[in-house]
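K.L.:
Following this message is one structure expressed as structure tokens.
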Amino acid sequence: MSLTTVILAAGKGTRMRSALPKVLHKVAGKTMVQHVIDNAKALGATTTNLVYGHGGELLQQQLANNNVNWVLQAEQLGTGHAVAQANSHVNDDDTVLILYGDVPLTKQSTLERLLAATPKHGLAVLTVNLANPNGYGRMLRVDGKLVGIVEQKDASPEQLLISEVNTGIMAVNGRLLKSWLGNLSNNNAQGEYYLTDIVAMAHSEGVEITSAQPDHPMEVEGANNRIQLAGLERAYQAWQAQELMLNGATLADPARIDVRGTVTTGEDVLIDINVIFEGKVTIGHNVEIGPNCVLKNCSIGDNVIIKANTLIEDATVAAKCTLGPYARLRPGAIMEEDSHVGNFVEMKKTRLGKGSKANHLSYLGDAEIGEKVNIGAGTITCNYDGVNKAKTIIGNNAFIGSNSSLVAPVNIGAMATIGAGSVITNTVADEQLAIARGKQRNLDGWKRPVKK
């Protein structure tokens with residue numbers, strides 16, 4: 001028995017007021033439907049079927065890296081009709097998990113609980129109890145057992161009082177699902193083929209029906225407009241903030257961070273306001289992150305201080321380093337232990353050695369910088385000739401004077417000193433002093449120009 005998922009993503013989403021298909025709107029930096037696809041993968045689904053309609057070409061472009069079966073629903077005739085389009089991809093002995101492309105926050109643990117409750121030859125429904133169930137299909141029970149689902153528009157006044165509602169997410173045996181889908185009717189207030197009708201069919205055939213519930217109602221909320229989308233974003237970010245705090249991070253304001261990927265932190269981490277985490281971020285112990293920083297796909301060692309407005313992307317920062325304010329580490333930047341990068345310093349594809357410092361106004365690209373090197377303010381590695389990139393190598397304990405230009409490819413030896421304002425184009429040997437600038441001239445009697 002294998003797991004097959006069917007993800008419904010055919011809706012146009014007119015209330016979004018957007019040319020973008022609804023399921024391509026993002027929560028936490030990732031499209032809603034990608035959240036759902038990732039969940040299916042994490043559950044070990046052997047087949048993922050994505051039922052699409054509106055904006056199919058754009059969907060396929062943006063989700064091209066996913067291994068899914070693309071299933072067209074040419075006419076939107078209801079959820080039952082949508083699932084039926086995937087029948088040819090469903091085996092009789094499969095467990096079929098039905099998910100929704102605009103319901104991105106369902107936790108893997110919740111779906112695992114639903115699957116664990118699914119009878120081998122039966123049906124399990126994910127339900128939730130709501131204080132205000134308006135708009136949802138109500139779960140019908142007799143002596144505690146599920147017997148059916150009634151949609152809001154078809155419900156009686158008594159049934160509208162029921163607080164347990166259908167989330168739409170269910171798991172069912174493949175053979176039974178295909179049988180029931182073939183017998184659906186559209187004789188209802190909506191004139192649609194309701195997937196929910198299979199619950200009553202199961203009951204009438206004596207098939208076992210079970211249910212499970214999520215840990216939080218927001219797990220099963222969808223987004224039909226941008227207000228609801230913002231609500232999903234805030235719920236997700238609140239959960240991420242709680243997880244960070246439980247793992248040893250102090251947040252200056254839990255409502256003012258954004259996690260758009262995964263963050264792993266050590267103990268005693270301090271995170272100030274408006275910090276954004278993207279991709280995979282790993283943070284060690286005793287790290288301080290100032291306000292308005294962006295960390296993307298990076299590793300931060302223990303006892304690091306990251307000052308305000310610093311950007312770190314695809315970079316590695318070892319223990320005891322200090323960055324910022326207004327520093328930028330671009331892809332391939334590596335700071336070794338106890339190195340410093342200060343305000344308005346940018347690094348790309350550069351290794352800054354242990355104990356080295358670039359504290360002010362520098363660009364360091366395609367460089368290997370040794371230990372205990374001082375990079376003076378305004379220093380630039382001139383690594384690009386308009387076509388190719390070249391490398392700058394600086395030995396241990398070198399001193400680079402302020403406002404120097406190091407024209408790559410160039411090698412600066414250990415203990416070498418570069419005079420301020422120099423343009424270095426040739427190798428400087430170990431312990432040499434290099435000065436490459438115009439000779440100063442002082443002119444007596446010079447008169448400033450005057451306005452005519």
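From the backbone N, Cα and C atoms, a Cβ is placed for every residue, glycine too.
Marked as active site, proton acceptor by Swiss-Prot: HIS360. Taken from Swiss-Prot, the feature UDP-N-acetyl-alpha-D-glucosamine binding site covers 8-11, LYS22, GLN73, 78-79, 100-102, GLY137, GLU151, ASN166, ASN224, ARG330, LYS348, TYR363, ASN374, and the record attributes it to sequence analysis. Annotation comment: Swiss-Prot describes ASP102, ASN224 as Mg(2+) binding site, evidence class sequence analysis. The acetyl-CoA binding site annotation in Swiss-Prot covers ALA377, ASN383, TYR384, SER402, ALA420, ARG437 and rests on sequence analysis. Positions annotated as region 'Pyrophosphorylase' by Swiss-Prot, on the basis of sequence analysis: 1-226. Here Swiss-Prot flags 227-247 as region 'Linker', drawing on sequence analysis. Taken from Swiss-Prot, the feature region 'N-acetyltransferase' covers 248-452.
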K.L.:
Please identify which of ASN224, ASN374, ASN383, SER402 has the densest Cβ environment, defined as other Cβ atoms within 10 Å, among these binding-site residues.
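P.N.:
Its Cβ has the most other Cβ atoms within 10 Å: ASN383.
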K.L.:
Reported as an integer number of Å, what is the Cα distance between ALA420 (acetyl-CoA binding site) and HIS360 (active site, proton acceptor)?
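P.N.:
That comes out at 14 Å between the alpha carbons.
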K.L.:
Do you know offhand how many angstrom separate SER402 (acetyl-CoA binding site) and the residue listed as 'active site, proton acceptor' by C-alpha?
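P.N.:
Taking the Cα atoms only, SER402 (acetyl-CoA binding site) lies 9 Å from the residue listed as 'active site, proton acceptor'.
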K.L.:
In the structure shown, which of the recorded positions ARG330, HIS360, ARG437 has the fewest other Cβ atoms within 10 Å?
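P.N.:
Per-residue Cβ counts within 10 Å for the recorded positions ARG330, HIS360, ARG437 bottom out at ARG437.
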K.L.:
Could you work out which of the binding-site residues (ALA377, ALA420) has its C-beta surrounded by the smallest number of other C-beta atoms within 10 A?
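P.N.:
Counting other Cβ atoms within 10 Å of each of the binding-site residues ALA377, ALA420 gives the minimum at ALA420.
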K.L.:
Relative to the Cβ position of GLY78 (UDP-N-acetyl-alpha-D-glucosamine binding site), how many further Cβ atoms are located within 10 Å?
P.N.:
21
K.L.:
Give me the DSSP three-state residue breakdown of the region 'Linker' (227-247), ordered helix, strand, coil.
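P.N.:
For the region 'Linker' (227-247), the helix, strand and coil counts are 20 helix, 0 strand, 1 coil.
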K.L.:
If you count the C-beta atoms lying within 10 Å of each candidate's C-beta, which of the binding-site residues GLY11, GLY101 ends up with the smallest number?
P.N.:
GLY11
K.L.:
When you measure from the Cβ of ASP102 (Mg(2+) binding site), how many other Cβ atoms are you left with inside 10 Å?
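P.N.:
Its Cβ has 26 other Cβ atoms within 10 Å.
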K.L.:
Across all chains shown, how many C-beta atoms besides its own are within 10 angstroms of the C-beta of LEU8 (UDP-N-acetyl-alpha-D-glucosamine binding site)?
P.N.:
28
K.L.:
Across all chains shown, how many C-beta atoms besides its own are within 10 angstroms of the C-beta of TYR384 (acetyl-CoA binding site)?
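P.N.:
Neighbour count, Cβ to Cβ under the 10 Å cut-off: 12.
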K.L.:
Check the Cα distances from ASP102 (Mg(2+) binding site) to each of the recorded positions LEU8, GLY11, HIS360, ASN374, ALA377 and keep only the ones within 10 Å.
P.N.:
LEU8, GLY11
